């Protein structure tokens, strides 16, 4: 669009003074065409010219409001090419007609100083009554240059982006330098490469998920401040919601380091970003409703000291204080009181009681009664009773948390090299539902003490070593009870420890259900403890992520026969098979008598073979029975094994003598012939 204005020359005004050539014919008081931010073009009066910064101030009246703005010189000349001086000619762009200015603009120009177009048009009159002012159209606007202010802004932005790129490069170089200075940089690089190429879709469980009386879950905690300071590596990967992988560092004979990736599969696996609410949703929450149906539920946290057991069960720590409102204790209590108000269970008229006690050094102490020593006895109905244990009635979640805080303040704890506030006892918090004085259901929440290796306590005091031994003994007994529960064995060795004895009603009975939360540390320095925890949990669940077929052997889950015994059993059974004696290739003769003599040998030895086979079977059963117990007698096992070996050696020696005599007779007969 273009606009043409005919502005009569005012006789009362003095002639315009020429400006400097680079400003062209722009003067104060003349009308120029300007472009608004909404792309509208109209006239405005020049009120000020800044020759130092090369900008012009213009004003106009719009809807009875006086407005103004600053415009750079180049923009003014692009919109008003007629104002450019002859000394600085500009090629005129293609023009198009614009709409005429409004009448208000024409009235305003009567009081303003007139301006004259420097390029006369062909239709200009001789008397100079009117002048044609052409405003360039869109092509001129497309070539519009940026103002100095915009140039400065763009320049600052480019400098800012350049600085940011340099800072990112510096940070990347620093991170690379830190990694290369790490003594385990090579292992860290191999772990990252393995995770980068890991395809979690190919990891699957051999056995389909089924409903079990026991649920085994694993939770990984993040690296703590101590491990980060020591530049420890995260060697635990959770590629899916039920698989945990451990990247163990190994070293070859030529000192070359490599990774041994071990895979474990469980019901659920949680990474270091999982919250307590998420863990509770898949572990303890499905068991809450069972206690309203006269069930006995147990949820316990197992793992190395400092792996996050107390954090999972109790909640967040702030120094030595613990926020119990975010742990499994509080979450279970919330659901219990929520179900208690449910119309289905409200008519049962149940009351909620809470108990809290610890098991330390094989003895039971009441944490709600100033650590009073308690006795564990069995009544006439063969029910285990903790004599003297206080049961306090609770009516809301706050009262439950109050009991937990009181008990945690009295619980036995010590400082260890791994954890400054390590629990040295098994804490058992029980939520009991009663109908009158009769127990309706019970939920036992167990925070186990951290298991320890003997190699980690060589420099510890004798008292602490005894603590660790007692802890490991009770954990072993707990594993055996869980194995018996998971395999539906007729006998559960709950008497092996005070821990399992107290939790007996949770291990026996048709309504018992158990959940295990194995907590692991991700650091490379805790690799051995992490593997022990995962193996413990894997023996409880016994699920493999393997391409090998699932095999059920003669030995119980988690137990294997010694290599020497297995090789001996295999060799003896193979050598005593009847078919092996029949297939002797070199015992041949044309005489029927010799053939019959050779063929009668297995018959003569059949009884010995049968006896030996029965002895092997009995031996295996004895070994299995002894290994299945918690307190098995090693001396007795060795003596029993030696006795069976002597019997087998005698039988094999007799067979050897008969074979040698037969071979000698065959050689003599062949020489005679």
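Every residue, even glycine, has its Cβ placed from backbone N, Cα and C.
Database features, via Swiss-Prot:
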type	residues	note
BINDING	303, 304, 305, 306, 307, 308, 309, 310	ATP binding site
COILED	151-176	coiled coil
COILED	640-666	coiled coil
DOMAIN	213-543	domain 'Kinesin motor'
MOD_RES	125	phosphothreonine
MOD_RES	204	phosphoserine
Remote residues contacting the coiled coil (151-176) - C-beta distance under 8 A, at least 6 residues beyond either end
none
Stretch-averaged pLDDT - the coiled coil (151-176)
86
Cβ-Cβ neighbours of residue 308 (ATP binding site) (radius 10 Å)
21
Please work out the number of neighbouring Cβ atoms within 10 Å of the Cβ of residue 304 (ATP binding site), leaving out its own Cβ.
24
